[in-house]
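Student: Shown below is the structure under consideration.
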Amino acid sequence: GCDGSVLLDTVNNGSKAEKDAIPNRSLKGFDVIDDIKNAIEKVCPNVVSCADILALAARDAVSAPFKRRLWNVALGRRDGRISLASETNGNIPSPFADFTSLLQTFNNKTLDVNDLVVLS
């Protein structure tokens, strides 16, 4: 989500975190975000959220082949403190989903095949 809650680890309270939910198991790079956050904290502690770092890293990863930033990222997100795998169910398609089930998931959110292609 926009609050970076996917970065939170599962704790011993019995509830799995978002990153451990089936739709998110294909996500990688959590260690990279942790490294970036640690470096930023050394220079300006408690200023930049993990959610903003994630948004900037996503923009820069997509923009890198073009050697320029493709869009501006509005900053000022706050980090979430709650992360529940159960909140991903029905909201994020499984990495194993075929086209038909992806389209149905998008249709359930009032998105169409064009949205599916763009967001995929």
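Glycine is treated like the rest: Cβ placed from N, Cα and C.
In case it helps, TrEMBL gives these features for our protein:
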- G1, D3, S5, E18: Ca(2+) binding site (BINDING)
- 1-120: domain 'Plant heme peroxidase family profile' (DOMAIN)
- P93: substrate binding site (BINDING)
Student: Counting other CB atoms within 10 A of each CB, which of the binding-site residues D3, E18 comes out lowest?
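Tutor: Looking at the binding-site residues D3, E18, the Cβ with the fewest others within 10 Å is that of D3.
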Student: Measuring CA to CA, name the entry from the binding-site residues D3, S5, E18 that ends up nearest P93 (substrate binding site).
Tutor: E18
Student: Mind checking how the domain 'Plant heme peroxidase family profile' (1-120) divides into helix, strand and coil residues in DSSP?
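Tutor: Summed by class, the stretch gives 61 helix, 0 strand, 59 coil.
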